[in-house]
Structures are given as C-alpha cells and as structure tokens.
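Here the structure is laid out as structure tokens; the discussion comes afterwards.
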Amino acid sequence: MISAPNDTKDRDTPLDDGTAAHARGSFFGRRKGHKLRIHQADLIDNLLPHLALNIATPAPEQLADLFDGEPEDVRLEIGFGGGEHLIAEAQAFPNVGFLGCEPYVNGMAKILTQIEAHSIGNIRLYAGDAAELLAWAPPHSLARIDLIHPDPWPKRRHWKRRFVQDATVKAMARILKSGGEFRFVSDIDDYCAWTLAHLMRSSDFVWTAERAADWQKPWDGYTMTRYGRKAEREGRVAAYLTFRRVGKSSSFRGNAPHQS
Ligand SMILES: C[S@@+](CC[C@H](N)C(=O)[O-])C[C@H]1O[C@@H](n2cnc3c(N)ncnc32)[C@H](O)[C@@H]1O
C-alpha cells in the first residue's frame, strides 16, 4: 500500500515546537496533473508499494536498515519533481541510500519509470509532505538534505507557504548528522535571501560559502533539473547554497521519542 500522507492531528508527533503545525500545512501544490499512462499507473500500484516509506509506523533506528546492503550514508531530496537529480545521484553513489519525497503523483510516476528502467535499488520514496518525513526520521540520521527549486511563493501573503521556515530548519537540524549538509537551489533571489536569513539565524547551521563562486556555481557533478533548465531558458540565474549542520541539537531533547 502507498503510505498516504498522515493527518498529523490524529497521531503523536515527535516534535511540539511548531514543526507539527507546519506539517499540517507544508504542501500547497497540486497532487495530480494529467492522467497517468497505463504503465505509469501500474508502477504506482505495483512498484511504489515496495519502495514507499510507511511513516505511520516508527522509523527504524538506523535509516540504512531501509535499504538492502549497508549504505554508508542516507540522504533526502525534498520535492524531486521529475526526479532528474535524484536518479543521477542514486546512480552516481550506489553506496548511499536516498529518500525521495514528492506529493505530485505524476512526478512519482516519472521517477518510478526511471527506477524500473535502470534497475535502481538505492531509492526509497514518500508520496507526501516532506515536513511529515522530517518529523518521522530519527535524530542525526541523514548526511544530506537537498531542496532544489522549491515552489517560490513570491507574494508576501504566501511566504508562510514556503518550505523553509524556522520550524522546518529546526526539523532538518534534528535529523541531520553533525557535519551533514542542507543544500538549497533557487533562481528566485528573494527566496535565496529568505533562506539565508532563516538558516543564518539558526545556531544549528553555518553557511559554508567563502567566495562568490561557492554559491554562484553548482556543485561538481550536479544534475540540472527541469525547473533549473526552465530558469536558464528564461534568463534567471540560480544560487547554490550549502549549509553545514554544526554541533548537536539540544532543542528537541525531552520531547522526541527517538533520542540519541
Ligand atoms: C518547483 S517544483 C521543482 C521540482 C524539482 N525539484 C525541479 O527542480 O525540477 C517544486 C516541487 O516541490 C514539491 N513540493 C512542494 N511542497 C512540498 C512539500 N511540502 N513536500 C514535498 N514536496 C513538495 C512540488 O510537488 C513540486 O514537485
């Protein structure tokens, strides 16, 4: 069964500092687009259940246990869209386990097609709101979180819909290992400034850039996504921001079931 996005009102959440409130409302986009082709619908029905995370049950102590073999690290990509970047990373790093989160069913169908075509074994999927996944994952369990061209919500009255909020920054800090990375890409200047402001006022992260080239150029081996290509075509330049998780989180001690 596909693990449906949970209604967090009806279950205990590990966090009570605002992340739960955000989890009730972090996804504002479309869940469905054009009708799926027959094979895509078949993959949703028959392949996705084998790869889907079931966040209604507690997370394993080690996220590596979700994968065959012993991945050396586990990473998460939030809102992978058509999955171009996630597929390329999973192929480039076969010893890493990847969690991909995307509520848009047509994106999920696209990535399943690629997973099947290339027999990729190191991706697990969640077809819901990433804030729920952040609340589910055990502390210090991820080496990296990627957020690539998130929905920009440019109007001021919609800023609260942006994925980057103080609560999600805290939630990411909780589950990233010390030294782990949060990578953010956007071609919307205002969202980049917003993200810098949110991450820099968190004592859990430092921005790693030392020179302009560090945020003006993509990382080595970076695979451009559909939205990245669209931005380039339309003349918008993306920024590539890397934040490193520093120290150990203390904000969540005492109220998280998964304590290290
Ligand atoms: C602008 S698209 C970018 C897709 C892809 N990363 C790319 O660069 O082509 C943003 C994606 O984030 C997904 N998204 C939005 N809110 C989300 C959330 N709360 N959790 C997970 N994914 C989300 C949307 O469904 C959409 O596919």
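Here the Cβ of each residue, glycine as well, is placed from N, Cα and C on the backbone.
Just so you know, TrEMBL annotations never went through curation; they're auto-generated.
For Glu77, Glu102, Asp129, Asp151, the entry in TrEMBL reads S-adenosyl-L-methionine binding site. DSSP assigns Glu102 (S-adenosyl-L-methionine binding site) to coil, not to a helix or a strand. With a 10 A radius on its CB, Glu102 (S-adenosyl-L-methionine binding site) counts 25 other CB atoms from all the protein chains.
Per TrEMBL, the feature substrate binding site maps to Lys155, Asp187. Counted within 10 Å of its Cβ, the other Cβ atoms near Lys155 (substrate binding site) come to 8, all protein chains included.
The feature region 'Disordered' is assigned by TrEMBL to 1-22.
A distance of 18 Å separates the Cα atom of Asp187 (substrate binding site) from that of Glu77 (S-adenosyl-L-methionine binding site). Each residue in Phe27, Ile78, Gly79, Phe80, Gly81, Cys101, Pro103, Tyr104, Ala130, Pro150, Phe163 lies on the same chain as Glu77, Glu102, Asp129, Asp151 and has a C-beta within 8 Å of the C-beta centroid of that S-adenosyl-L-methionine site, without being one of the site residues. Less than 6 Å separates the Cβ from ligand 1 in the case of none of the binding-site residues Glu77, Lys155, Asp187.
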